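Q: Below you will find the structure I want to go over with you.
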Amino acid sequence: MADTIFSSGNDQWVCPNDRQLALRAKLQTGWSVHTYQTEKQRRSQCLSPGELEIILQVIQRAERLDILEQQRIGRLVERLETMQRNVMGNGLSQCLLCGEVLGFLGSSSVFCKDCRKKVCTKCGIEASPGQKRPLWLCKICSEQREVWKRSGAWFYKGLPKYILPLKTPGRADDPHFRPLPVEPTETQPPSAETSRVYTWARGRVVSSDSDSDSDLSSSSLEDRPLPSGVKGTKGDKPRGDSGASMESPRLGPARPPSHLSGSQSSLGSEAGTGATEPQGGTPAQPEPRVPGKRHTWATPRY
């Protein structure tokens with residue numbers, strides 16, 4: 001029984017005998033449930049990785065909450081400092097906050113209990129309306145009391161640790177308002193319709209400088225490709241700079257050289273008068289087309 005109670009076993013919950021207690025007293029090691037442990041028992045009492053992970057998560061969550069609390073107090077302090085920077089009056093003859101003139105000719109004023117400054121009734125807050133003598137506070141002092149109340153500074157006798165909010169940069173540096181990059185458009189090769197329109201327009205420009213409508217038909221005939229096997233009668237004839245009409249095709253024997261000694265203006269006038277028909281007459285019937293010949297369609301001038 002005594003051996004069971006005062007045994008020198010390895011059980012940490014059993015008190016050792018007097019001999020071992022005296023020996024431990026001399027060695028200044030003492031005895032407790034923690035010191036009287038074997039290495040095996042110490043290893044069995046180590047925390048598992050899951051328990052360590054849970055403890056670390058609790059510590060990290062507490063740190064995040066602490067940072068959020070510091071940021072909340074920092075926003076309150078920033079708001080109070082902004083109000084203190086925006087004062088416009090001197091607090092004597094003017095309202096401390098809005099700068100309005102006080103006195104008989106101005107607005108009625110109240111006296112702040114904390115800062116001992118005068119403010120108008122719009123910038124003042126009545127702190128104790130139930131008392132016989134009302135207690136007025138300016139908005140700055142009222143905000144300061146609110147900061148001390150909501151941050152716990154009244155308990156710690158001072159503001160706790162806080163983090164001021166960061167200054168927001170300008171909106172020009174914001175990536176959502178940056179203009180989107182414009183992609184270069186692919187150039188398409190000109191189609192056949194575009195080239196046909198350009199040829200038609202070129203023919204119209206050439207024909208607009210002529211003196212008669214017969215030049216339109218001659219210029220369009222020159223632009224058309226001739227069929228294979230047919231020899232063109234175009235030749236190397238020079239075209240007039242002033243856009244005069246081309247020489248009519250030769251249907252008969254060649255004219256004598258004396259007929260070509262006239263000026264280009266006389267040729268243009270003769271061609272114009274020859275192309276027009278007398279009023280009241282019937283229009284000339286078109287002749288059948290013959291390969292190698294040109295037909296000039298004349299319209300009456302008005």
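Here the Cβ of each residue, glycine as well, is placed from N, Cα and C on the backbone.
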Q: Of Ser48, Ser248, which one does Swiss-Prot label phosphoserine?
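A: Among Ser48, Ser248, the one Swiss-Prot marks as phosphoserine is Ser248.
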Q: Go ahead and report the DSSP secondary structure tallies for the domain 'RabBD' (41-158): helix first, then strand, then coil.
A: 58 helix, 16 strand, 44 coil
Q: Pop the mean pLDDT for the domain 'RabBD' (41-158) in here, whole number is fine.
A: 89
Q: Within 10 angstroms of the C-beta of Cys120 (Zn(2+) 1 binding site), what count of other C-beta atoms is obtained when all protein chains are considered?
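A: Its Cβ has 22 other Cβ atoms within 10 Å.
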Q: In sequence order, which same-chain residues at least six apart have a C-beta under 8 angstroms from Cys98 (Zn(2+) 1 binding site)?
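A: In sequence order, Met88, Gly89, Cys120, Lys122, Cys123 meet the Cβ cut-off.
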Q: Could you state the whole-number distance in Å separating the C-alpha atoms of Cys115 (Zn(2+) 2 binding site) and Cys95 (Zn(2+) 1 binding site)?
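A: Between the Cα atoms of Cys115 (Zn(2+) 2 binding site) and Cys95 (Zn(2+) 1 binding site), the distance comes to 13 Å.
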Q: Rank the binding-site residues Cys112, Cys115, Cys123, Cys138, Cys141 by how many other Cβ atoms lie within 10 Å of each Cβ and give me the one with the fewest.
A: Cys115
Q: I need the CA-to-CA distance for Cys112 (Zn(2+) 2 binding site) versus Cys95 (Zn(2+) 1 binding site), whole Å please.
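A: It is 11 Å, counting Cα to Cα.
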